[in-house]
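The feature active site, proton acceptor is assigned by TrEMBL to Lys104. TrEMBL lists Ile86, Leu87, Gly88, Leu89, Gly90, Asn91, Leu92, Gly93 with the feature NADP(+) binding site. Annotation source TrEMBL lists divalent metal cation binding site at Glu146, Asp147, Asp172, Asn297. Summarising the annotation, TrEMBL assigns domain 'Malic enzyme N-terminal' to 28-161. Residues or ranges marked as domain 'Malic enzyme NAD-binding' in TrEMBL: 173-410. What TrEMBL lists as region 'Disordered' is 1-37.
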Amino acid sequence: MADSKSKSRPGTGITDQEALDFHKNGRPGKLEINPTKPMATQRDLSLAYSPGVAVPVKAIAADPATAYDYTSRGNMVAVISNGTAILGLGNLGALASKPVMEGKSVLFKRFADVDSIDLEIDTENVDEFINCVRYLGPSFGGINLEDIKAPDCFIIEQRLRELMDIPVFHDDQHGTAIIAAAGLINALELTGRDLKTTKLVCNGAGAAAIACIELIKAMGFNPENIVLCDTKGVIYQGRSEGMNQWKSAHAVKTDKRTLAEAMKGADVVFGLSQKDAFSEDMIRSLADKPIIFAMANPDPEITPEEVARIRDDAIMATGRSDYPNQVNNVLGFPYIFRGALDVRATTINDEMKIAAVNALASLAREDVPDDVVAAYQGARPRFGAQYIIPVPFDPRLISAIPVAVAKAAIESGVARREMPDMAAYARELSARRDPIASTLAQLYERVRRHQKRIVFAEAEEEQVMRAALSYANQGLGTAILLGREDLIEATAERAGIDLNRPGLEIVNARISKRGDAYIDYLYARLQRQGYLHRDVTRLIHNDRNHFAACMVALGDADGMVTGVTRNYSTALGDVRRCIDAKPGHRVIGISIVLARGRTVFVADTAVHDMPTSEELADIAEEAAGFARRMGYEPRVAMLAYSTFGHPSGERSERVREAVSILDKRHLNFEFDGEMAADVALNRKIMESLYPFSRLSGPANVLVMPAFHSAAISTKMLQELGGSTVIGPLLVGLDKPVQITSMGAKDSDIVNMAAIAAYGAGS
Ligand SMILES: NC(=O)C1=CN([C@@H]2O[C@H](COP(=O)(O)OP(=O)(O)OC[C@H]3O[C@@H](n4cnc5c(N)ncnc54)[C@H](OP(=O)(O)O)[C@@H]3O)[C@@H](O)[C@H]2O)C=CC1
Ligand SMILES: CC(=O)C(=O)O
Ligand SMILES: [Mg+2]
């Protein structure tokens, strides 16, 4: 294990230890279940359980369709595996497949708001597996089979489709086929090829491979132009070794016997086999402008770097998220089930699959609108060799694919529910997603492109060291470790952290050649504030926050992160001695609260203790600007304990005055108040009691009347409400500095470092 812990996964910027920690930290695993109804009072209990629960029981017994109205069935999918083909890792058993299955369940939720649970079935016996699943129908709206080896998966899926009246979909077959087909259509168009004359080799003849070639044949690909290979080489007519009926159906008449022979002159090659299955010579032997989809996970048949070394005319795709053109079923299964569930489809048929292929292929050809650019690393991709398929974070997927799938289900007669207003359905779908994930993805990608130098002020601490290493490993830029080399190295050695890698620098404040420049700079700032030269010298030599902040102030670093060893206000005081507010700005703290699919910005969570009306107005402006930079159209609520004058009181008066000040500033964002938090956040309350409110929807920026209410409410949300809270983030400083909470984990520190780097701009 010691070995696997320090190993870095090439290209990903993550170590094996990070992957283990990610799964282990907090509540182990990636999934938990939460109730959707309150269960607090005797009345709740009477309604949810006995006697109230008997009423929906009888209703469902009388009319089974009402199960969709009274239970979670209609939004619930089971991800089921026996672990016989886990990614490209082979048969490692049901239990070992659980991390992948939990992951698929989380992706269902994350991308398409489909609730999902993973079920691992501990048998390799096909009949036992079928019997185990066939009776689960009442629990779920759909069954997603995953990572079951061929040919068992074909028998299992077919039989379950016959036995169950809900969609049964083997993701590795059809999910993969849909995405690969969409990518292929676009790659063929880009290279000027015709479906009917193109020659394709598919390495792998299992679940994914067979489904891919069946789908592209159904779309018009000439069967004679497809050569399938497996571990025994080419699948030719008459071969007897390692065959089954599904392979035989695709056997061709040919003299070729090896993959290398088959690939010579081929236009397209699909890898659905294993890591490193393609050699450089094989890639060299392909036709001009070859299309290479190396889709094995977690490591492809050949990497894009290896292909780029051999030739520059290829269109290259892999199954991974860290390269362009990710051909991975994650682009399909969440959205296909979303559409199928919403029309209560009995199955997912070919019409629905082809509708998904076409929707995906056309999305990649469409212009990427401004509000979607965030998902594309802040750059606007253009349909071309590096962009043949949308990225998983593309927020258009959630409306485009389910709509196409739902329409096809209705038209092909497998829907149990009509969808009379498709435009309204598309709008509803968009509302299911929150842009924060794509915003954070954009943030990281922008940082990656601009490679900022971030000083980690408390680098003698182990978690800071890990964060710095992760910053460098993720390719975000240079991490400067501020501290004494001997201490840093001893701690690194003890913790098994390898600091000998590019992208890491150690700076020792005591012996730095820049010390004098920092002293001069800081002395000029502080000499009239009670600091003697020797006081400033001591600060620079002995205090990491002052040294680091001066590095940033004088351009030796682009940003700074601190806070692990010193409380927030002390660290902020240290930084403010060295760095001013941006001209025309006010320094404030903003916390981003992610709760139940909603993102809300809360201010001021760090700086102003009891802001005046004028200060509250500034905070509102600063917070609105920040929300907009994060991709949100701000709707600012100026919060108080009262709403529009009732009950009255001195504290609320101050908030009312802040609104008047904002009114005079002629701003280009929505704001209103004073109002209580429930009015700000609950559309129904606002519309029914305060229809005159100027907010066009629930607020997404909450300006708190004072620091204590901001700090108390965000901490309560985190601890009691199960919300994720990012921050407080420091906004409005002239140079980017972020302060973590004391004792923050390495993952929090690296997020703060990335946010500081983002603040450093381009
Ligand atoms: N990008 C994506 O979205 C997806 C990628 N995949 C990837 O596809 C691969 C196969 O998965 P799946 O179809 O579910 O698994 P299966 O177990 O059903 O099939 C594996 C197939 O690969 C063949 N194979 C294995 N190693 C080699 C090799 N070195 N050369 C040629 N053929 C080989 C096997 O040959 P034989 O029949 O002789 O044993 C078998 O036909 C995995 O790497 C998986 O990660 C799968 C689904 C989705
Ligand atoms: C992506 C996927 O499902 C696989 O590799 O098995
Ligand atoms: Mg899979």
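Note that Cβ sites are derived from N, Cα and C of the backbone, with glycine treated the same way.
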| Residue counts in helix (H, G, I), strand (E, B) and coil for the domain 'Malic enzyme N-terminal' (28-161), per DSSP? | 67 helix, 16 strand, 51 coil
| If you draw a 10 Å sphere on the Cβ of Leu89 (NADP(+) binding site), how many other Cβ atoms land inside? | 18
| remark: Counting every protein chain shown, other Cβ atoms within 10 Å of the Cβ of Gly93 (NADP(+) binding site) number 15
| Given the binding-site residues Asn91, Asn297, and counting only Cβ atoms in the protein chains shown, which has the most within 10 Å of its Cβ? | Asn297
| query | Given the binding-site residues Glu146, Asp147, Asp172, Asn297, which one's Cα is the least distant from that of Asn91 (NADP(+) binding site)? | reply | Asp147
| Non-site residues, in chain order, whose CB comes within 8 A of the mean position of the CB atoms of Ile86, Leu87, Gly88, Leu89, Gly90, Asn91, Leu92, Gly93 at NADP(+) | Gly83, Thr84, Ala85, Ala96, Ser97, Asp147
| query | Considering only the recorded positions Lys104, Glu146, Asp147, Asp172, which fall within 10 Å of Gly90 (NADP(+) binding site) when distances are taken between Cα atoms? | reply | Asp147
| request: Take the C-alpha atoms of Asp172 (divalent metal cation binding site) and Leu87 (NADP(+) binding site) and report the distance between them in angstrom, rounded. | output: 9
| query | In this structure, which of the binding-site residues Glu146, Asp147, Asp172 has the fewest other Cβ atoms within 10 Å of its Cβ? | reply | Asp172
| note | One finds that other Cβ atoms within 10 Å of the Cβ of the residue listed as 'active site, proton acceptor' number exactly 25
| field | Close recorded positions near Glu146 (divalent metal cation binding site), where close means Cα within 10 Å, chosen from Ile86, Leu87, Leu89, Lys104 | value | Ile86, Leu87, Lys104
